[in-house]
């Protein structure tokens, strides 16, 4: 298990380099002049040229990348132009908010998705099973920002039960305030993933439930609930965990839309603002962070996977 | 004597990797010094239990397992040469135990056969259809079956299709890897008879890999007994079944349950035998020592040489001419 | 045979909804097993032998498979009792050993954990005592180093050892009937002989009845008292084991025996397989299901399915056959 984890961890290094290269190149190919964007339309060509020189934009691309990497290692992601502060500090104060929102959403989606999927698979072809199929189709066909808007119209504007926006700083109004602000964005974020996870769990459980060892357990008098919890789920989870991992990654990027709809002060909202103001360093930093999140989640998934598989666990 | 296949001191060692860097730390000796020949129109059986190396040997002969030592000659040319010039698949084919796994479920029987014929340019394009019908007829299937998919066929029919596919390239030699093991007894005979007919009609030779000795006894000219990657005994069919000289051969023969309620001697409630030797670190001496009831100190230290006990009958056992052992092994069958 | 049958299956049928109309994988099957008796059920793949046993244990997919008939065991008709009572029968009344021990053991649980599970949950044993009992059972089935094996995962054991573990699990709750479904098919010959010997010894020592399902007449010959031969979902012949081998009557039984390559006979020039294929159960031939392959078939065989009829007088051992043609033979 240790060997596997170490090997898998080492494999992250080239991937991480790839990610930095991709975000760097992103800065290169985004059309427009960074210097012009920074200095504004009234700046003179001389001023722009000076700034380009100062920022190293006239250097060869390779040199620029090495400088970029070097800065990365010292925690310098450049300066955000719309916030007027270092990108690092903008992201640092927001990362916890995004993790809180996406993390809660994935936990909700995973727990409910596995439970619903299993429940449906225990009676294939039944009313609840068909209900699941319809629900999955519904939630996977509606766009999440639209779903978020519908929730806001119903629960905030219509019923006036929950706040739609207004979350500015986490913890200011106490736990109840945070939870109240989280309900709608979490539902919005989780719905799509929940449907995918439930569908995956259903098919994984159905596949495992047909195995001989499930029959062995039943033939020895083990009750149906225990058969499912002890014999079916542990063997179905590896494929479900893969999907949960993928969904966790999507949730990170999906947060851009949801945070915008609900004005949630996370990385997604910052990215949205950065995109609308052509704040390239912040875009790069935000994407880099989300991509690294993806890589870490994948690492976690593979390690969990190995933990569920005694053949790897014992090696 | 002309031999289609000559195997000399064949070794197939697989690398064992370990650690963070997946370095090769040892070799698993799946096949460890095996020599035999398959004469033209001959049927040689390779028997032994799982882990004996019999299937790996078969795969090595058609280039599907790496030959790490020794040599294999097919029709007078080295295996490596045959592989390099592309003539190997035209000469040697393999048929597996589970035809369902080796047939593409989305291709009809006819499509499977047509593909082989066109890829290898066996017959001109306009003659392909006729040849497919011929092949099906050769394996005893009606031509209409060309339009069926594998899942629409019975186990025996699928195995016939797999044989037809092997025959499509007009090979001289076919490795039959446990091809009747998964079939019902009443169908097994159909396939065994078919193999014999095809041998006679098409001058084929077979390496018949199997664990069912009653079928082996029926089909083979010669039998080679493997254990732990090595050959324990090799003899003509009649010699081997009438007077086995290796304790392992004897154990195999004694284990076949007899369809006779009065003969229960082959059903023995014994503690499990020792596991087959670890292919990574086989014990010094004879590979069979830990299971052998006749093992002595010599068996635990020195590897037995392969000696001929009579014409065409070889055995690798230190005690092959010990009268006590010969007496104990004598009444193996009937 | 006698009124004190332990398991009495009467007119059992299993039907599935087919493409056009329902079809039966088990059709009108009746048999009895007395305490301590060993019954062999023999037939080719798809003949319904495993389906019969899964129906007895009610382990078939329930809403899909339609089961009819009576399964009397310990004063109950298993076909009708509630699911909870049925669970109590499984394992402690009737135990099951299935074919492929690798897939029949949970790959994600240690041997000890899966063995001890029902003992702790349903037999009120403490975990430590249950594991102790499991170690004893593994020792009883001849697993070397039994105690250490409790912590192993299935993939760490060889095929023969896994089959021994599966047998130990099946007898762990002291069943009165042990059903062994092709218990040796996936094993090497030498291991097969040992496992058969083990099953035979356990049956005698523990006084269990045994139902041994196999496609191989050689496997059932040595350790059963009676044999039922099945073809296309029906029993076509049943007799004492010696009688069946000495005087096989049904043409299918005879053909099956003749098709086997045998180690204890002179070599034949060619094997004598049964021509043709077993029928498609969704579209069975009219009349006797075996008639298209039968060497004795005559006009009338395709008319109606013959009854399973007892041959010989009352004193002779119970020998029944489903073929009017051979009934007319002079014995």
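Cβ coordinates are placed from backbone N, Cα and C, and glycine is handled just like the others.
What you see is a predicted model, and the numbers here were worked out from it, not measured in a lab.
The domain 'ABC transmembrane type-1' annotation in TrEMBL covers A:95-301.
Summarising the annotation, TrEMBL assigns transmembrane segment to A:12-30 (among others). Residues 61, 64-65, 68-69, 72, 278, 280-281, 283-284, 287-288, 291-292, 295-296, 299 of the same chain lie 6 or more positions beyond the ends of the transmembrane segment (A:12-30) yet place their CB under 8 Å from a CB of it.
TrEMBL lists A:99-122 (among others) with the feature transmembrane segment.
Annotated transmembrane segment per TrEMBL: A:134-158 (among others), in sequence order. Remote same-chain partners of the transmembrane segment (A:134-158), defined as residues 6 or more beyond its termini with a Cβ less than 8 Å from a stretch Cβ, comprise 164, 184-185, 187-189, 191-192, 194-196, 198-199, 254, 257-258, 260-262.
According to TrEMBL, the transmembrane segment annotation covers A:178-198 (among others). Long-range contacts of the transmembrane segment (A:178-198) within its own chain (CB-CB distance under 8 A, at least 6 residues past either end) are made by residues 100-102, 104-106, 108-110, 112-114, 116-117, 120, 132, 135-136, 138-140, 144, 147-148, 151-152, 155-156, 162-164, 166-167, 170-171, 240, 243-244, 247, 250-251, 254-255, 258-259, 261-262, 264.
As annotated by TrEMBL, transmembrane segment applies to A:240-262 (among others).
As annotated by TrEMBL, transmembrane segment applies to A:282-301 (among others).
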For this session: Please give the sequence-distant neighbours of the transmembrane segment (A:99-122): residues at least 6 beyond its ends with Cβ less than 8 Å from one of its Cβ atoms.
Result: 128-129, 131-132, 170, 182, 185-186, 189-191, 193-206, 209, 224, 228, 232-233, 237, 240, 244, 247-248, 251-252, 254-255, 258-259, 264, 266
